[in-house]
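Record features (TrEMBL):
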DOMAIN    19-67  domain 'Galactokinase N-terminal'
REGION    69-95  region 'Disordered'
DOMAIN    133-217  domain 'GHMP kinase N-terminal'
DOMAIN    334-406  domain 'GHMP kinase C-terminal'
Amino acid sequence: MSAETSTTVAAPTPDHLAEEFEALFGYRPLGSFRAPGRVNVIGEHTDYNLGFVLPIAIDRAVYVAIGQRPEGSSEGRGEDDVVGTGTVEPPRGGESIRIVSDHRDETGQRLSGQFTAAELVPGTLPGWLSHAAGVVDEIAKTTGTIVGGVDLYIESTVPVGAGLSSSHALEVAVLIALDEVFDLGLDDREKVLLTQRAENDFVGAPTGIVDQAASIMTEAGHALFLDCRDLSARQIPFDLDAEGLRLLVIDSKVSHSHSESGYGARRKTCEESAALFGVDSLRELADDVDLSELTEEQRKRVRHVIAENARVRATVELLEDNERSTGGDHDARIRAIGDLLVASHESLAHDYEVSCVELDVAVTAAMGAGALGARMIGGGFGGSGIALIHADQVDEVGAAVTAAFAEHGFREPDIFAVSAGRGAARFD
Ligand code: GAF
């Protein structure tokens, strides 16, 4: 059983990132930047329906060290030799963007690549690199700035493929690094929208806005109550320690992919359903709207979205009530939040049909072991679930979920606690 009572994993230091960068590229970086992954507490598949979400930025992040190659440099190892990767092609003048990650391929080589802003074509770069390239492409389209002549070194403590938004965090980390170095002057809202367009138009995943917003806009110790229609937001105190609570992430180890999964199909059904009502998005529908004219499939999807928006609002109200008062209803409100998480899972499993057997087993096992609430998170079809528990239940709930996975013959899940960390920023 791998549940950790600590919420922290060893994060790299700015000095470490600078040393690695210098060893790779032969000169000192300008600085480093950090963008966290996210856990959405509640509000799933509501973002692209312009509804409500309530994510936290987690205490795991993507780190980017960035340097600007000196004018005309092939100097030193600046342009033509990235030490230790073996896969970087000779660059074209000073326009290339070179990226090296500490993640390694099957042969033990660090992942690396390079491209120039002027030559970017969607679908031609490996998945991880396309997230960075999409940002560069969108910067050119949005601001007219052609980014080039820079090197980036990347490390990450966000597990890849666990549904914790490692790829969105990469986009955000690259964007805030380039924003500072090229003096783009983008505000938070522009950063959120730019990274979303990079994801939609360049990477080709029709995702919403919650993950980028969580990484960019969230304050430490808070969840972000975001209205996805106009990006207005409220920071909601979310101090698990003070409440004697923990939020466990249960990584099912079932891989998921938004561009290939049923994610796009769900989104399309929602848009078609909204059109049938003559509204721009499902957000515009009243909670008690008559759904009888819809097909069975449309009815289920719309029912989820309407109910999930209401659950987000109810969760926010409970959290704010708890913040305001320490009276006797406190524990009841925490239990009510747990119930809302379970209701969200049921709705995602049965109405939205995006869960999978592993996440259903995780939720059942966590609840059976006394969790206050549990649910799948993210797009679904794999990835992670969460369990809201009392601080002293970490081992018990972790062991119960691990045992249930073993009984079903599933891969051993990775289970760890997270807390509400700070949003993306310069790291040194
Ligand atoms: C994924 C997407 F990237 C988000 O935009 C959101 O739609 C989520 O699935 C479901 O709530 O994480």
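Cβ atoms here come from the backbone N, Cα and C positions, even for glycine.
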Field: Residue distribution over DSSP helix, strand and coil in the domain 'Galactokinase N-terminal' (19-67)
entry: 10 helix, 28 strand, 11 coil
Field: Average pLDDT across the domain 'GHMP kinase N-terminal' (133-217), rounded to a whole number
entry: 96
Task: Kindly report the helix/strand/coil residue split of the domain 'GHMP kinase C-terminal' (334-406) according to DSSP, in that order.
output: 45 helix, 11 strand, 17 coil
Counts by DSSP class (helix H/G/I, strand E/B, coil) across the domain 'GHMP kinase N-terminal' (133-217): 51 helix, 7 strand, 27 coil
